């Protein structure tokens with residue numbers, strides 16, 4: 001729920017409004033502290049003795065401690081020092097936290113006694129009558145301080161103040177965002193009502209002994225008005241949110257009825273029924289009305305998934321929080337049972353309500369809540385069950401708190417938590433995506449043979465996963481996936497393999513899109529893009545390999561076969577055909593990824609060279625390279641063997657009968673191969689010209705292709721050629 005359409009709230013205005021709200025909350029907090037502290041203070045912590053119902057001193061500080069009042073004494077009465085006859089005997093009634101649970105007559109008596117005690121304590125020094133069990137009573141004079149120190153305010157006071165501040169701040173923040181929205185006004189009104197109830201209760205429920213009669217009556221009235229105002233605000237909210245139920249007259253009638261209920265409570269129209277019954281019965285009726293309106297909203301939002309999701313969160317928050325307060329506080333009082341949880345601590349349930357309702361109203365990341373709403377709900381339920389079981393064991397079985405706590409921990413730990421974890425695992429398991437399925441789909445998309453097939457496979461994969469009711473092609477709206485219509489649609493941009501795609505109503509209309517789904521789509525797109533890159537790289541490799549094979553067949557095999565057809569000498573023709581067959585064997589070996597070590601390659605070339613030079617001598621000594629397990633890349637292998645054969649061919653053609661000396665060495669990461677042949681003196685000049693032809697240029701080109709070098713020199717008696725090729729020393733055959 002945002003600001004009213006057509007009205008944009010500036011940041012300055014928002015800050016001003018929220019600052020004003022915080023100032024008001026701070027002033028109310030200070031006023032509550034003032035009311036709690038501006039009372040006479042003895043420095044006593046009182047509690048009821050379980051067996052006799054007597055008032056027992058549980059703790060003391062100055063001024064009572066310095067006067068000699070110590071823990072363990074029974075507090076009998078309080079009287080003015082100069083008028084012992086005016087002593088007021090203390091009763092268990094004087095220590096109750098919540099007087100609004102009494103009937104009207106008892107309430108009046110209680111408030112009157114509060115006024116009397118406050119008057120005695122404020123008038124001057126008092127005589128506090130105390131007694132130890134089994135001993136005589138004695139009076140101790142104590143001068144009460146006019147103010148209660150802030151350090152003496154108990155934890156329960158600060159706990160209630162914190163609850164009230166959190167609730168009021170949340171309500172004010174949401175109202176500042178949408179000050180003209182009627183739904184937000186009801187929400188904020190309910191929060192202010194709870195704040196009023198909690199602030200007033202914090203002041204009177206944590207008193208030391210007494211407050212003045214007018215202050216006490218005013219605070220209890222404000223407490224009841226605040227509690228009823230919460231119900232009124234929630235009734236107005238659920239009548240309009242998430243959808244307007246169009247029951248304005250009925251809503252106004254209910255609100256008017258509960259306003260009259262407040263007046264009837266404090267005008268004592270139902271005097272015989274009792275203050276506690278009338279007050280808490282009104283709260284219970286408001287809770288019933290809230291539940292009924294929640295059910296009506298559930299029916300009204302059956303075709304509006306975003307509204308249904310908001311209602312689910314709001315309903316769980318309100319019914320769980322307010323319901324816990326009603327069950328633990330209101331219902332026990334109405335049926336005559338002791339309250340299992342003090343009202344001051346029960347106000348914490350309203351904090352849970354407002355945290356949840358604020359999230360729902362503002363729809364702040366609302367559609368991500370389904371991934372952890374179940375977890376939050378189960379943990380809150382665990383806390384509720386823990387408290388309920390603990391208080392039940394203490395109240396009904398009269399167990400000590402330590403024993404009750406142990407039994408409760410065992411029950412919750414052995415029964416509830418395993419069930420909770422089992423359900424959580426099943427719940428979250430349905431949210432997890434199968435990574436293997438995602439990867440398989442991405443590779444299937446990339447391996448399709450056409451763009452249309454890839455787009456269709458992409459669409460089908462998303463439809464299979466999200467199960468939308470509709471899938472169509474919108475206009476290309478951006479570069480990233482986006483969620484629209486409050487989670488009802490997911491719009492995907494155009495990719496290299498697909499046009500834009502829009503999915504509507506996932507899980508066959510039973511769910512909404514959220515941020516986790518955006519993450520799934522983005523991860524899926526990245527996988528497909530990576531698979532596309534790999535497919536493109538594969539296609540480029542195929543084209544390059546085809547081109548290489550074509551070049552090898554054309555340059556080597558074709559040239560040799562053509563030369564054999566033109567050869568006039570049968571010996572030359574056979575040699576050319578033999579060389580062509582060798583080239584074919586090497587090409588086929590490259591296709592089959594034949595892995596030959598450098599030692600094997602040298603051995604084959606040595607044997608082949610000796611066979612070809614049958615009329616000359618070959619000196620090719622063994623070296624470290626003959627023991628190498630180095631595997632040459634095909635490109636290096638092919639060019640190395642072709643260059644050597646070309647050099648041998650030159651010897652056969654231009655220096656027949658010449659001696660040849662070959663050395664092959666591994667020098668670092670270079671393979672250095674040298675071929676030296678003698679030049680007959682009578683034909684040396686002609687041979688020198690022959691050894692500087694196109695064949696050597698082809699060898700140089702092969703060396704450059706692999707990143708190597710080729711050098712040669714012609715001396716008066718010899719031709720020396722050296723080819724240096726890069727090799728990877730780490731590429732050793734397994």
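Quick reminder: no glycine exception, Cβ is built from N, Cα and C everywhere.
Annotated transmembrane segment per TrEMBL: 18-37 (among others), in sequence order.
Positions annotated as transmembrane segment by TrEMBL: 157-174 (among others).
Among residues of the same chain six or more beyond the transmembrane segment (186-204), those with a C-beta under 8 A of the stretch's C-beta atoms are 25, 28-29, 32, 35-36, 98, 156-157, 160-161, 163-165, 167-168, 170-172, 174-175, 211, 215-216, 219-220, 222-234, 236-237, 240, 343-344, 347, 350, 354, 357, 361. Per TrEMBL, transmembrane segment is recorded for 186-204 (among others).
Annotated transmembrane segment per TrEMBL: 216-238 (among others), in sequence order.
According to TrEMBL, the feature transmembrane segment maps to 250-271 (among others).
TrEMBL lists 277-299 (among others) with the feature transmembrane segment. Residues 100-101, 103, 224, 227-228, 230-232, 234-235, 238-239, 241-243, 245, 254, 258, 261-262, 264-265, 270, 307-308, 311, 314-315, 318-319, 322-323, 326, 329-331, 333-334 of the same chain, all 6+ positions outside the transmembrane segment (277-299), place their C-beta atoms under 8 angstroms from a C-beta of that stretch.
Residues annotated as transmembrane segment in TrEMBL: 311-333 (among others).
Annotated transmembrane segment per TrEMBL: 345-364 (among others), in sequence order.
Positions annotated as transmembrane segment by TrEMBL: 376-399 (among others).
According to TrEMBL, the feature transmembrane segment maps to 405-423 (among others).
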Long-range Cβ neighbours of the transmembrane segment (216-238) (under 8 Å; 6 or more residues past either end): 35, 99-100, 111, 114-115, 182-183, 186-201, 203-204, 251, 254-255, 258-259, 261-262, 265-266, 279, 282-283, 286-287, 289-290, 293-294, 297, 314, 318, 322, 350
